[in-house]
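Student: Below is the structure I would like to discuss, written out as structure tokens.
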Amino acid sequence: MKKKRLAIRTVILLVLAAAVGYTLYANFTKDDIQRVEVGKTAPDFALVDMNGEKHKLSDYRGQGVFLNFWATWCKPCEREMPYIDHQYNNFKDQGVKVLTVDVGESRVAVNKFIERHNLSFPVMIDSDGQVQTAYGIDPLPITFLIDKDGKVVRSHTGELTEATVRQFMEEIKP
Amino acid sequence: MAALSSNLLYTAFILYLIATAFFGGAIKAKKDGQRETGPNKWAAIAIIITIIGFIAQVGYFILRWIAAGHAPVSNLFEFTTFFGMALVGAFIAIYFIYKTPLLGVFTLPVAVLIIAYASMFPREISPLIPALQSDWLHIHVTTAALGEAILAISFAAGLIYLIKHVDQTVKSKSTLWLEVVMFGMVATLGFIIVSTAFSAAGYEAKFNYIDKNGAEAAYDYQMPALVGPHEGQLAAKGKFEPMVETPAIINAKKLNTVIWSLGAGLILYGLLRLILRKRLAASLKPLVKNINLDLVDEISYRSVLIGFPVFTLGALIFAMIWAQIAWTRFWGWDPKEVWALITWLFYAAFLHLRLSKGWHGEKSAWLAVIGFIIIMFNLVAVNLVIAGLHSYAGS
Amino acid sequence: MNEVKCECGHVNPHGTVLCESCGKVLEEKEMQKKLLDMRYEGSARRSQTYNKTIIDKVWNFFSSVKVGVWLIVVTLVASAFGTILPQEMYIPPVMPAAEYYEEQYGWFGKLYYELGFHNLYSSWWYLLLIASIGVSLVICSLDRVVPLYRALNKQRVTRHEGFLQRQRLFGISAEAPDQESIKKLKGNLQSKRYKIREENGNILAEKNRFSRWGPYVNHVGLIIFLIGGMLRFVPGMYIDSVLWIREGETKAIPETEGQYYLKNNQFILEVYDKEKEDEVFEQAIDKAGMVAKNYQSNVTLYKKAGDSIPGETPELEKVKDEEIRVNEPLKFEGFALYQVDYKLNELNKMTLALQNKETQEEFGEIQIDLYNPKSEYDLGKGYSVEVLSYFPDFEFGEDGNPTTKSRIPNNPAFVFEMKTPDKPEGEVSFVAIRETIEPNGDNQYKMAFKAAETKNVAALTVRKDLTLWIIALGGLIFMIGVVQGAYWNHRRLWVRNVDGQLWTAGHTNKNWHGLKRELEEIFKGTGMEAPAEQQAEDAKNG
């Protein structure tokens with residue numbers, strides 16, 4: 001009788017504690033929830049770059065993909081562009097694909113930006129925001145590293161140094 | 001139609017005042033030795049007058065509804081008036097259960113004070129802003145007001161209890177706090193008198209001043225400025241120059257009104273004390289001589305029991321349903337919402353203390369008084385001072 | 001722990017104050033009192049009887065109503081603190097919260113922010129308070145409802161003398177009444193809807209016992225409500241997103257996984273016009289100046305057909321046209337779109353003319369789509385304009401060069417190269433609103449502003465809340481429980497023959513006045529006296 005009562009009380013208290021604990025935990029991690037999770041398959045997309053070439057993410061299985069979202073008004077984006085371009089030229093023959101997505105500016109602005117920084121990697125414009133929604137893009141710049149199987153290896157928010165860009169590309173080299 | 005509606009409100013107001021006097025007479029008659037069991041003739045006349053007044057006010061409400069095309073509960077004047085009406089309605093209902101004229105002597109003046117207070121705010125019929133264009137306007141607001149009104153009856157009963165129960169022969173914390181409650185009502189009266197006097201005199205003084213964002217702004221004072229706004233300049237000469245200037249963050253006009261009201265309240269209170277030569281609560285004591293304490297205690301508790309579910313339904317549940325429709329979420333921690341929750345929590349605590357901890361009598365009466373203060377705070381301060389999504393109700 | 005066997009033969013759990021069956025006072029302390037404490041029928045509240053392990057201690061802590069009331073009071077006071085200054089979600093998003101509070105409210109604002117009161121209602125300690133109330137609700141209710149149920153279920157008709165004479169309403173009639181009177185009494189009781197049980201000529205009349213369960217029903221409602229609130233934190237249960245959408249634009253609705261698209265056909269803002277409105281509003285409109293009448297977005301909802309992936313132009317199938325107004329959201333598949341904000345007259349297209357500064361002669365106009373300008377505009381006859389740079393939301397950056405703040409054309413600026421037959425190599429001109437800079441000295445030509453086309457933008461909240469039905473269910477059960485407990489009273493009348501005398505006792509859980517009046521009516525014409533009030537100094541039952 002006494003044992004039974006203790007057991008019932010213990011179970012009820014544990015259930016309550018678990019519920020409260022989970023609520024508190026969920027409340028404090030709610031801001032960290034990412035739409036794209038590491039280890040999961042990256043959402044597929046298809047965009048046409050400034051040269052009219054269509055890039056479909058799933059066509060690049062077997063290669064690593066360095067996916068970067070940016071905008072011309074974003075200063076950190078502007079600073080990391082030359083590094084990405086430089087490393088793109090180093091790694092492009094080693095099976096690393098660089099895809100960069102502008103978050104929906106005008107072609108004029110993006111073209112001028114490419115000219116100014118002399119960028120050679122494919123640049124695409126996500127005009128209607130579909131790709132950004134699929135990836136849950138909020139602050140810029142943000143970079144996703146996708147391995148040869150199409151899985152997200154890493155996501156990085158914020159400016160990159162040349163060293164990190166190189167290290168990232170090493171990571172996804174097939 | 002709008003004019004007729006206003007006249008009906010005046011009629012109701014006057015009738016409530018007369019009814020109060022008759023209820024007073026009913027007590028007096030009883031005191032004079034006619035120890036009847038039921039209510040006497042005076043009381044019968046008083047309740048009839050109250051009911052006629054109530055019907056007049058319902059008339060005001062209906063006519064104004066027709067004139068405006070929407071329920072007249074869309075601004076502070078309309079809501080507060082409705083609250084006063086609900087209070088009278090709740091009193092009538094409770095009166096027929098308990099047949100206590102004394103309750104009228106305390107409830108009706110509170111209702112009169114509330115209606116008078118309401119008329120200090122802009123009284124025009126205003127069109128509805130988009131957020132208010134919903135049937136939930138009258139469903140939510142009237143139910144909430146009715147709940148609060150029933151809870152207010154418990155305040156009146158609690159007050160009667162305290163006036164009878166608190167020993168006035170010695171000075172104590174209880175006598176002090178009871179006087180504070182009395183002063184609160186006198187100060188409300190002070191506000192009404194001062195506002196009415198200056199608006200009858202047509203006083204108006206325009207100030208240009210610098211607001212807290214450093215921008216130029218203007219205030220239209222309807223009372224002589226005791227405190228002026230930040231870097232305030234009188235727009236027209238010949239008006240009263242303020243004695244003190246306030247920092248930009250403070251709403252000088254409202255502060256000025258508060259100071260006038262408190263001042264008038266103090267003078268009134270002082271005069272009353274001089275004339276009566278007793279504490280106000282002490283001079284009310286003879287009125288309550290014959291009342292059965294247990295009965296008032298029960299009326300007070302019963303009002304909370306009846307009012308609490310109505311309040312929950314109107315001020316929380318209907319409020320949440322409407323908030324979900326109009327504001328996209330049923331709860332958003334808007335100050336008015338929070339204060340409704342606070343009121344609800346308070347009465348929940350009241351019920352638990354009474355049911356489980358055995359808080360009866362004086363403790364319970366004090367809680368009823370505090371509960372009413374919270375309701376009034378939510379009605380007055382939250383609209384006028386804190387403001388938030390509900391702030392349209394403040395204009 | 002020992003069970004207590006009453007002299008009536010009933011075995012009570014340890015800690016019982018009044019025998020569940022006959023009501024005999026089992027505890028010494030209660031024996032001293034003139035009136036019984038009937039709050040939980042004198043049943044054994046287990047929490048108070050065992051206090052051994054940590055589990056028991058925690059349990060007992062939450063089982064106390066005193067603790068519960070304190071939790072309510074603390075929550076109440078904390079909630080009030082949160083209304084002193086506006087919460088972070090209500091401050092204008094013009095600057096970081098830390099700065100805003102200090103700038104607007106001085107040292108107090110700074111302190112308020114530092115204490116975390118700007119986000120009080122989602123702070124860990126506030127959540128913990130609410131959670132503790134939830135735990136207290138569960139444990140308090142469990143601890144009381146079970147013994148109360150036992151006590152009410154096991155109660156016998158014949159109650160102990162000690163029980164009867166310690167009831168607030170009690171009476172003894174000197175001589176035993178005849179059968180006729182008893183019959184009349186029973187008839188009266190039945191007409192008042194009392195349920196009558198008899199045992200050896202003794203009577204227990206009882207009604208509205210269900211009202212005793214009211215508090216527990218409403219607590220169940222509250223617990224369900226809190227569970228609903230908790231589920232909100234589970235990913236996917238609650239969606240709160242905003243969609244800004246320009247007139248003419250078609251956009252994917254966020255959080256619908258690209259399945260739904262919305263086109264904004266038109267945004268309408270109406271204000272009350274005193275000429276057109278009812279006369280009664282004239283004064284109010286005059287005083288307020290502008291009173292908004294309607295915010296409305298006329299939209300078309302589309303569903304994606306086929307399986308395009310993001311980035312590809314989707315094939316859209318029209319679902320419906322709808323007018324979204326405040327209080328009238330658009331609903332589809334668990335989602336609701338609400339009209340919450342708008343921006344009027346956002347620049348969309350701009351018309352400029354190539355002009356000779358001296359002669360004012362014009363050589364053609366260009367209309368620039370500010371969301372997608374062309375890089376070159378040919379005006380014919382050797383006149384053309386090239387867009388060298390475009391800054392939709394122009395400002396001068398820290399390095400002094402023009403830059404853009406966003407992609408929204410709030411303040412568009414261009415660097416044009418104007419090629420004319422006179423100046424085939426081109427003249428460069430920087431053109432912003434009310435500002436023209438000619439970096440290479442004085443130009444012969446300029447781009448003159450002609451016209452602008454604007455569009456309205458609507459902001460719609462995208463909401464999905466799968467917890468709503470749980471919350472609503474909780475609210476409903478709470479209301480049922482609270483009404484059940486508040487609007488009905490559990491009343492009992494005991495009638496017992498004690499040595500030829502007739503003892504009567506009455507009890508109600510509240511509203512004694514009502515019970516007394518009812519008993520007076522019930523006893524009317526029976527020749528018996530209704531049980532009368534006997535007041536005790538130490539306690540009064542409410």
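Including glycine, each Cβ sits where the backbone N, Cα and C put it.
Dumping what TrEMBL says about this protein:
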- B:12-30: transmembrane segment (TRANSMEM)
- B:42-67: transmembrane segment (TRANSMEM)
- B:74-192: domain 'Cytochrome c assembly protein' (DOMAIN)
- B:79-98: transmembrane segment (TRANSMEM)
- B:103-121: transmembrane segment (TRANSMEM)
- B:141-163: transmembrane segment (TRANSMEM)
- B:175-198: transmembrane segment (TRANSMEM)
- B:258-276: transmembrane segment (TRANSMEM)
- B:268-390: domain 'Cytochrome c assembly protein' (DOMAIN)
- B:304-326: transmembrane segment (TRANSMEM)
- B:338-355: transmembrane segment (TRANSMEM)
- B:367-389: transmembrane segment (TRANSMEM)
Student: Please work out which recorded stretch in B:79-98, B:103-121, B:141-163, B:338-355 has the most C-beta pairs separated by under 8 angstroms from the transmembrane segment (B:304-326)?
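Tutor: By the under-8 Å Cβ criterion, the transmembrane segment (B:304-326) pairs most with B:141-163.
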Student: Taking contact to mean three or more C-beta pairs under 8 angstroms, with sequence separation of 6 or more, is the transmembrane segment (B:367-389) in contact with the transmembrane segment (B:103-121)?
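Tutor: No, the transmembrane segment (B:367-389) and the transmembrane segment (B:103-121) are not in contact.
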Student: Counting only residues 6+ away from its ends, which parts of the chain sit with a Cβ under 8 Å from the transmembrane segment (B:42-67)?
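Tutor: Long-range Cβ neighbours of the transmembrane segment (B:42-67): 1-2, 4-6, 8-9, 11-16, 18-20, 22-23, 25-26, 28-29, 78, 81-82, 84-85, 88-89, 91-92, 95, 99, 101, 104, 108, 125.
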Student: Under 8 angstroms, Cβ to Cβ: which one of B:12-30, B:79-98, B:103-121, B:338-355 has the largest number of such pairs with the transmembrane segment (B:141-163)?
Tutor: B:79-98
Student: Calculate the per-residue pLDDT averaged over the domain 'Cytochrome c assembly protein' (B:74-192) and state the result as an integer.
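Tutor: The average pLDDT of the model in the domain 'Cytochrome c assembly protein' (B:74-192) works out to 92.
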Student: How do the residues of the domain 'Cytochrome c assembly protein' (B:268-390) split into helix, strand and coil according to DSSP?
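Tutor: With helix first, then strand, then coil, the domain 'Cytochrome c assembly protein' (B:268-390) has 103 helix, 0 strand, 20 coil.
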Student: Count the residues of the domain 'Cytochrome c assembly protein' (B:74-192) that DSSP assigns to helix (H, G, I), to strand (E, B) and to coil, and report the three numbers in that order.
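Tutor: Split by secondary structure, the domain 'Cytochrome c assembly protein' (B:74-192) comes out as 94 helix, 0 strand, 25 coil.
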